[in-house]
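K.L.:
What follows is a single structure, and I will ask about it in a moment.
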Amino acid sequence: MDSDEGYNYEFDDEEECSEESGADEHEDELELGEVELVEAGLSGSERAGLCGEGGGSALGPGPGGEEDEDYRYEVLTAEQILQHMVECIREVNEVIQNPATITRILLSHFNWDKEKLMERYFDGNLEKLFSECHVINPSKKSRTRQMNTRSSALDMPCQICYLNYPNSYFTGLECGHKFCMQCWGEYLTTKIIEEGMGQTISCPAHGCDILVDDNTVMRLITDSKVKLKYQHLITNSFVECNRLLKWCPAPDCHHVVKVQYPDAKPVHCKCGRQFCFNCGENWHDPVKCKWLRKWIKKCDDDSETSNWIAANTKECPKCHVTIEKDGGCNHMVCRNQNCKAEFCWVCLGPWEPHGSAWYNCNRYNEDDAKAARDAQERSRAALQRYLFYCNRYMNHMQSLRFEHKLYAQVKQKMEEMQQHNMSWIEVQFLKKAVDVLCQCRSTLMYTYVFAFYLKKNNQSIIFENNQADLENATEVLSGYLERDISQDSLQDIKQKVQDKYRYCESRRRVLLLHVHEGYEKDLWEYIED
C-alpha cells in the first residue's frame with residue numbers, strides 16, 4: 001500500500017478500527033492484532049470459539065503425574081503467539097528498519113529464520129532478495145507511486161469487473177496495478193476462505209507476483225471472521241516453522257504448546273488434550289513415534305486390502321490377472337479374453353501335463369510351484385498376524401471410548417454414596433479408579449503397536465507377560481466399576497476397587513519401566529514392515 005507509517009502489530013485496546021471502504025490510503029491503517037478485529041464487530045462468543053478462551057501459561061507437568069518434571073512447557077493462546085510473532089518482527093526491524101508488513105513477508109520467505117534473513121539482507125544484493133520474496137523494495141516506493149499516479153478527475157474502468165468508478169475508489173499495491181475496492185474485497189475473501197491462502201496472496205493482475213501485504217488485507221476486508229481466518233493462516237506459518245511450537249491437535253482448539261527443546265514427551269493443553277509434542281498424536285507410550293506412524297499408515301492405506309487379496313486369491317501365471325477360486329475343481333481357466341490360460345490352482349503350473357488328475361495335483365516338488373505356494377502362505381500368515389494385533393488394538397480403543405463415558409456414571413455413583421453417610425473425600429476413589437482405568441487402556445492399546453513390530457527374544461517374552469498381567473487386571477477393574485453398588489456391598493466393593501486400581505497402576509508402571517529400560521540398553525529388535 002501507499003503508506004506503512006503508523007502500522008504495527010501491537011495490541012492496543014484504545015485503537016479504533018477504520019472500516020470505510022473509500023478511506024484515504026494515508027489514514028491510520030488496521031493492525032493485525034485480534035483486539036482490533038473484535039472492535040470491528042466480532043462478538044465475545046465468536047472470538048472464544050475461534051481463538052480459545054483464557055490466557056497466561058500453564059507449565060508442565062500436567063494432570064496424571066506422567067510427565068517428565070524436567071520437561072517444561074507453556075500453553076499459549078493465539079493472541080500470545082501473535083505477540084511472539086510481533087516481537088520477532090520487531091527484533092529484525094531494529095536492524096533492517098523496513099515497514100513491519102514487508103519484514104513479515106521477508107521472514108515468512110525464510111521460514112521465520114532471523115539469522116538467514118539477516119545474512120541474505122546484508123550480502124549486498126537487495127534487489128535480488130526483494131524479487132525472490134515478491135515484494136517491492138521499500139526504498140523505491142515513492143518513485144513507483146509517482147509513475148503510477150492517475151488523474152483524479154476522470155472515472156476509470158476496473159480491470160476486473162469493467163465498471164467505471166472514481167479514482168478514489170481504486171486501490172492497489174506498489175506494483176501499480178489498481179482495482180476497485182469491491183473486486184479487491186471479493187478477491188481477498190476468496191483467497192483466504194476458499195483457497196486457504198494467507199502469506200502467498202499475490203496481486204490479482206495477470207502475471208504479477210507481488211504479494212499482498214497485511215495492511216492491504218486488513219483494510220479491504222470488512223468481515224471480521226475473514227480477518228481472523230487470515231490472522232490464523234499467518235500465525236500458523238509462524239508456528240509451523242518454529243520447532244519449539246506446536247498447535248494442539250484437538251478439533252476447534254487454537255492453543256499452542258511452547259517447549260524449551262523439542263522431544264517425544266507428553267504435553268497437556270488447556271482444552272484437556274494430552275499429546276506427543278514430537279509427532280502430535282495422542283500420547284502413545286510405550287511405542288515410539290516412528291513405529292506409530294508406520295502403524296497408522298498401515299491401518300489407513302490399502303496395504304491390508306492387498307494382503308487379503310494375496311491371501312485369498314492367486315495370479316494367472318500367464319497374464320497375472322488376479323483370480324479368486326469359486327469352486328472345488330483345481331482346473332482353472334483365466335477369464336481374461338486375451339489370455340484364456342488353463343492352469344492348476346494348487347501348483348499354478350500348466351494344466352495340460354496334469355492329465356487326468358482333475359482334483360489331485362502331483363507336482364508339489366517343482367521349484368516354481370513351491371515358490372508360489374510359499375508366497376501364498378507367507379501372505380496369509382502376515383494377514384493373520386496383522387489382524388491379531390489390530391483387533392486387540394481396536395478393542396482397547398473402543399473400550400477406552402466406553403470408559404470415558406464412565407465418568408458420568410461414576411459421578412452419579414459418587415453422589416449416591418454420599419447419600420449413604422460417606423464424605424466427598426471418601427468417594428474420590430471411584431474417580432481415581434476411572435483415571436487409572438483409562439491410562440491402562442491407553443497404554444495397552446499402544447503396547448499392541450509396539451508388539452506388532454517387535455522381534456521375539458527373551459525380553460519380548462517378559463514384555464508379553466507384563467502385558468497379559470496388566471490386561472487381565474484392567475478387565476477386572478473395569479468389571480468392578482460397571483457393577484451396581486448397594487449399601488450392603490459398599491465397603492466390600494470400595495476395598496476391591498482400591499486394591500485393584502493400585503495393582504493396575506503398579507503393573508502399568510512396571511511394564512513401561514521395562515520397555516524404557518529396553519530402549520536405553522538397546523534390548524529390542526524390530527521387524528521392518
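Positions of Cβ are set from backbone N, Cα and C atoms, glycine also.
Not measured: the values here are computed from a predicted model.
Reproduced below are the annotations present in Swiss-Prot:
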- 1-29: region 'Disordered' (REGION)
- 46-69: region 'Disordered' (REGION)
- 51-64: compositional bias 'Gly residues' (COMPBIAS)
- 77-125: region 'UBA-like' (REGION)
- 154-365: region 'TRIAD supradomain' (REGION)
- 158-208: zinc finger (ZN_FING)
- CYS175, HIS177, CYS203, CYS208: Zn(2+) 2 binding site (BINDING)
- 228-289: zinc finger (ZN_FING)
- CYS248, CYS253, CYS269, CYS271: Zn(2+) 3 binding site (BINDING)
- CYS316, CYS319, CYS334, CYS339: Zn(2+) 5 binding site (BINDING)
- 316-347: zinc finger (ZN_FING)
- CYS344, CYS347, HIS354, CYS361: Zn(2+) 6 binding site (BINDING)
- 380-529: region 'Ariadne domain' (REGION)
K.L.:
For the C-alpha pair, I'd like the distance in angstrom between CYS319 (Zn(2+) 5 binding site) and CYS203 (Zn(2+) 2 binding site), rounded off.
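P.N.:
The separation of the Cα atoms works out to 55 Å.
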K.L.:
Check the zinc finger (228-289) for me and report the mean pLDDT.
P.N.:
91
K.L.:
Out of these binding-site residues, CYS208, CYS248, CYS347, which one has the fewest other C-beta atoms within 10 Å of its own C-beta?
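P.N.:
Minimum Cβ neighbour count within 10 Å, taken over the binding-site residues CYS208, CYS248, CYS347, occurs at CYS208.
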K.L.:
Determine, from DSSP, whether HIS177 (Zn(2+) 2 binding site) sits in helix, strand or coil.
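P.N.:
The residue in question, HIS177 (Zn(2+) 2 binding site), is coil (DSSP, three-state).
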K.L.:
Using only C-alpha positions, which one of CYS203, CYS208, CYS334, CYS347 is spatially nearest CYS269 (Zn(2+) 3 binding site)? These are the binding-site residues in the record.
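P.N.:
Closest candidate to CYS269 (Zn(2+) 3 binding site), judged by Cα separation, is CYS203.
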K.L.:
How many Å separate the Cα atoms of CYS316 (Zn(2+) 5 binding site) and CYS347 (Zn(2+) 6 binding site)?
P.N.:
11
K.L.:
Given the binding-site residues CYS319, CYS344, which one has the fewest other C-beta atoms within 10 angstroms of its C-beta?
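P.N.:
Selected from the binding-site residues CYS319, CYS344 on minimum Cβ neighbours within 10 Å: CYS319.
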K.L.:
Looking at the binding-site residues CYS208, CYS248, CYS253, which has the shortest Cα distance to CYS344 (Zn(2+) 6 binding site)?
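P.N.:
Minimum Cα distance from CYS344 (Zn(2+) 6 binding site) across CYS208, CYS248, CYS253 lands on CYS248.
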K.L.:
Measuring CA to CA, name the entry from the binding-site residues HIS177, CYS334, CYS339 that ends up nearest CYS271 (Zn(2+) 3 binding site).
P.N.:
HIS177
K.L.:
Within the zinc finger (158-208), how many residues are helix, strand or coil going by DSSP?
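P.N.:
Per DSSP, the residues of the zinc finger (158-208) fall into 17 helix, 9 strand, 25 coil.
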K.L.:
Please list, in sequence order, the residues in the chain of CYS339 (Zn(2+) 5 binding site) that are at least six apart in sequence and whose C-beta is under 8 Å away from its C-beta.
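P.N.:
Listed in sequence order: CYS316, LYS318, CYS319, VAL321.
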K.L.:
Same-chain residues six or more away whose CB lies under 8 A from the CB of CYS334 (Zn(2+) 5 binding site)?
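P.N.:
CYS316, LYS318, CYS319, VAL321, ILE323, LYS340, ALA341, GLU342, PHE343 - these are the non-local Cβ neighbours of CYS334 (Zn(2+) 5 binding site), listed in sequence order.
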